[in-house]
Amino acid sequence: MDKEERKTINQGQEDEMEIYGYNLCRWKLAIVSLGVVCTGGFLLLLLYWMPEWRVKATCIKAAVRDCEVVLLRTTDEFRMWFCAKIRFLSLETHPFLNPKSMTNKVANGHAVHLTENLAEENRHEMNKYSQTQPQQVRYFTHHSVKYFWNDTLHNFDFLKGLDEGVSCTSIYEKHSAGLTKGMHAYRKLLYGVNEITVKVPSVFKLLIKEVLNPFYIFQLFSVILWSTDEYYYYALAIVIMSIVSIVSSLYSIRKEPLYVHFLRSKLKNIHISLFLSLNPEIEEIFSTDLVPGDVMVIPLNGTVMPCDAVLINGTCIVNESMLTGESVPVTKTNLPNPSVDIKGMGDEFYSPEIHKRHTLFCGTTVIQTRFYTGELVKAVVVRTEGFSTSKGQLVRSILYPKPTDFKLYRDAYLFLLCLVAVAGIGFIYTIINSILNEVEIGVIIIESLDIITITVPPALPAAMTAGIVYAQRRLKKIGIFCISPQRINICGQLNLVCFDKTGTLTEDGLDLWGIQRVENTRFLLPEENVCNEILVKSQFVACMATCHSLTKIEGVLSGDPLDLKMFEAIGWILEEATEEETALHNRIMPTVVRPAKQLLPESTPAGNQEMELFELPAIYEIGIVRQFPFSSALQRMSVVARVLGDKKMDAYMKGAPEVIASLCKPETVPVDFEKVLEDYTKQGFRVIALAHRKLESKLTWHKVQNISRDVIENNMDFMGLIVMQNKLKQETPAVLEDLHKANIRTVMVTGDNMLTAVSVARDCGMILPQDKVIIAEALPPKDGKVAKINWHYADTLTQCSNSSAIDSEAIPIKLVHDSLEDLQVTRYHFAMNGKSFSVILEHFQDLAPKLMLHGTVFARMAPDQKTQLIEALQNVDYFVGMCGDGANDCGALKRAHGGISLSELEASVASPFTSKTPSISCVPNLIREGRAALMTSFCVFKFMALYSIIQYFSVTLLYSILSNLGDFQFLFIDLAIILVVVFTMSLNPAWKELVAQRPPSGLISGALLFSVLSQIIICIGFQSLGFFWVKQQPWYEVWQPQSDACNTTRSLYWNSSHLYNESNVDTHNIQNYENTTVFFISSFQYLIVAIAFSKGKPFRQPCYKNYFFVVSVMILYVFILLIMLHPVASIDQVLQIVCVPYQWRITMLMIVLVNALVSIMVEESVDRWGKCCLSWALRCRKKIPKAKYMYLAQELLVDPEWPPKPQTTTEAKALVKENGSCQIITIT
């Protein structure tokens, strides 16, 4: 039974969950119903808030396969609970198919079972009515994804399309013909409508959800209680405040631009041309009716893709900015067909990620299509059902974000529990005191519950968010937009920021610095000008002219910025065939490149110039026959081209120098290739290598269209290097210096070359000149050998680079020892590429955290590796920020504690922050505002805690004499003082510069707790002093309406007060000398602690620069002093204050002044000396640091084997199963 009870879905994925089965139990339901009635509906609310309790209270455990309700729990650190009801999808008898067999094939969720055998499907269509009983498939929906029961897996699984388990061969052989009508209808029944349906909740539903928030339920309870105790005005004020709060909350949810944009934007329901199996005609259907396996026609004039589909015929130019953040059009080619390749690719499985250059993604815009010999551009639909597509996954990530885990919020809940405990003490004290004084039972209940509403302030959540709201407004003013306001506080804790390189630290565009050609296996001297008549017919320039993905859109050349710069440098012209030309001619070359006219005539005799001007451009043209787009995984691209008139075709290739050199004939690669490349990369240049070879004459146009790129991309001749310059942005060094001064680590994460990245890191100050760079080259297990890491010192390589005789792999030991002598005082940095990073994560789990501590440069990183890096840094307790241009950084931007995108395109919407200006200067601004917001949260929390305790103690003191604060006294304190102070003390702007000190991350810290406790003791002490001292005064007596402590029998004030008091019987015993004393002293105490807690430097501007706060506090001080020293009859009547002698008023003023002096002196002492005492105490105790990275740093300081010595190898031994770690040995 145990095995059946608990299963795991989405195993190994981000949204992995445990699943438990339950069936509804009638007797449990009856007991719960009775409990709901007995508790007046409170039990129902509790079960609404706690889905786990709701299911367990009303259901009994059952096997997952037979259950009626599933309980889901996430396996991450949050362990959140969800519940879902099991539903049934009826697959009724259909005239076109056999339900039983189809259920077995489709409902198991595996695409390979779903679509592999077309012949079998046809047999089922013939056997139409063999099954009479309708079939039912069990499923549940969670976060907009349907999970179907899979009999093969004995578990629930989401329905997949052709994106998993389908080979490239089968896409052509079994799916290129399309579906039969019957199969299409059946799949539509199973997959449902192809649209991203996000219901925008109605105002009523949002209202109900908001009102059922525990905070508002507590307020409702408080309002009912106050109303029964005749505190009508105060109750009304709280109701009005709550309504305003709810309305503003609803308004912000409904009017949030991103929310409205995504929740209301649906892909337009467009007409799609569809190929159906066994049907020669093209059928028109709506895009909402598409299912996986359909073959759709991509229109000539382009379209917005309604699904994910793989191209099987033709070429498309696509704008993918919605997904990638790149506004550069991308060329998509048809999926290679292994069955017709000269050299087969084997039975490779299709994957949208691996074959993204052949996949059209949902939501992306097809700008234009190209086809040959009148054939249509066709694509096989691989994913539909809205949220399964690429755009759907992006929308899901916004609709259901991962909750933010921050110590401040955890501590806030703990603090609330402490307040509840304090309230409990007051509750018991009130009951005992009231019973001893023989108070009525009704009054006892009301007053004892009232103490709870006083201790736990209803305005606390609103007060806590005030600082964040103000910070959000200030960020908006400087061009930083935020979709996750809670993250602003977390940004105040950032101690490490990862930066993308290109477009973030450096300029977006690349400038062509020059070229270095190879002749007779030797490098020639670098050349700056490529656009000249000497090189115009060279293979080098031909490669630059053809090996790119440029296209003309509305007559304008567009494509990758690097390709554009390269093509512009040679001054050639690109021409594309029109649709009419393509339709008229068979096997036409779609793209032709040729030199500009002015490049050619000078090479011919002057007399023959006119003829040559006409002929040569026509003669020397190169047609691009086939293009193999750039692949980040392969780090190269290639084309097959033919010079007009030549019989043989040419293959040209460009890409990462290391990759290109490995695919060339060794004899064509210069011996000093590595040294030349290293020299360029160390200077920060971006280097691209070119290669070429003549293809065999037997390769016809038709064969080239179906050939595998592996056949073309080998045995090439190395032609030389193109050197591109990527300049640093002007503000980069200054911003990084500010971050370093603030003790914030900076890390570079880039897709560029390792040494280029190290060079840029040095140039921008990320790695200082005296710092050591250790390159970790990790190799996976191979041929029975274990994984290993080779360590190289980049700096020692530089020192040797002048001598070509010295091999970079054999550095003299003496030099190594010399360089290692000062390692204790010199900082060191690790650099590695994406492949090494993956090997280290998989095979060196014990070593990975150590590398995270000093890893600074991560090169050749794929998008998913960037996300893994962020997670690895978070695993050692860093608060990680990520700044990127949104292109390949979406995952990392979402995963980081504070992700800030420099791109305003649609893909970056998943990032918590987006900067309007594409500059990294937004990073320190965000951290400054985060620190200010965090300090504001602490100040407000401390103030609200003191407000609760001060009012709690005031009421407790007055309860001892069976008195209380009056209705308008509560109103004055809560509205005039507390609300005004809270919302103005939060207005302090951020401090103008970043400092090395960081604000505390949680409320439970020594200095902060001491500050709060000391202020509580001071306030309680001075309140008690006033309360008991007033009783010792010679004029004191138990106050009666006729009392005349002020000797004002004949005065107008006394008369009006007397008349007022006689006409309004004081049933609650509000008016007395103790009440008046406690009211005045406590009113001043609220203002005193507000000033004491309003911290300024080093995180916020001083409080005297917060003019609203200063003016508000001054007005309140003047007003309270006025009514205390010079009573105003009408105000005293409203506030139910009694007249006390003038000398007692002066005494109260003295108590308040001494209280203020003590409070501010103690708070300043805590600020100044608290940290010193705390650090001294920690040193005495030798406390282990809480953050893992700090603990690791301490360990590594005394580790003689760290950092690894150069030219050593670290090997991983077999995994030890007990702890999952690996043993590491170092071989010198």
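Just so you know, glycine gets a Cβ as well, placed from its N, Cα and C.
Copied over from TrEMBL:
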- 13-150: domain 'P5B-type ATPase N-terminal' (DOMAIN)
- 176-226: domain 'Cation-transporting P-type ATPase N-terminal' (DOMAIN)
- 281-398: domain 'P-type ATPase A' (DOMAIN)
- 27-49: transmembrane segment (TRANSMEM)
- 232-253: transmembrane segment (TRANSMEM)
- 412-432: transmembrane segment (TRANSMEM)
- 452-471: transmembrane segment (TRANSMEM)
- 938-962: transmembrane segment (TRANSMEM)
- 968-991: transmembrane segment (TRANSMEM)
- 1003-1030: transmembrane segment (TRANSMEM)
- 1076-1094: transmembrane segment (TRANSMEM)
- 1106-1130: transmembrane segment (TRANSMEM)
- 1142-1162: transmembrane segment (TRANSMEM)
Report task. State the non-local partners of the transmembrane segment (968-991) in its own chain: residues 6+ outside its ends, Cβ under 8 Å from one of its Cβ atoms. Result -> 231, 233-234, 237, 241, 457, 459, 463, 466-467, 470-471, 474, 928-929, 931-932, 936, 939-940, 943-944, 947, 951, 1070, 1075, 1079, 1082-1083, 1086-1087, 1090, 1093-1094, 1096-1103, 1105-1106, 1108-1109, 1112-1113, 1116, 1134-1136
Query - Beyond the flanks of the transmembrane segment (1106-1130) by 6 or more, those residues with Cβ under 8 Å of it - result: 976-977, 980-981, 984-985, 987-989, 1052-1053, 1056-1057, 1080, 1083-1084, 1087, 1090-1091, 1094, 1137, 1139, 1142, 1145-1146, 1148-1149
**Report entry** Recorded stretch that, among 232-253, 938-962, 1003-1030, has the most CB pairs under 8 Å to the transmembrane segment (412-432)
**Finding:** 938-962
Query raised in the report: Would you list the DSSP helix, strand and coil counts for the residues of the domain 'Cation-transporting P-type ATPase N-terminal' (176-226)?
Result: 33 helix, 1 strand, 17 coil
Query - Contact set, same chain, for the transmembrane segment (1142-1162): CB under 8 Å, 6 or more residues outside the stretch - result: 1014-1015, 1018-1019, 1022, 1025-1026, 1029-1030, 1033, 1035, 1046, 1077, 1080-1081, 1084-1085, 1088-1089, 1091-1092, 1121, 1124-1125
Query raised in the report: What else in the chain is close to the transmembrane segment (938-962), if you only count residues 6 or more beyond its ends and a Cβ gap under 8 Å?
Result: 408, 412, 415, 419, 422-423, 426, 429-430, 433-434, 437, 439, 447, 450-451, 454-457, 459-460, 463-464, 466-467, 973, 978, 981-982, 985-986, 999-1000, 1003, 1008, 1011-1012, 1015-1016, 1019-1020, 1023-1024, 1027, 1069, 1072, 1074-1075, 1078-1079, 1082, 1085-1086, 1089-1090, 1093-1095
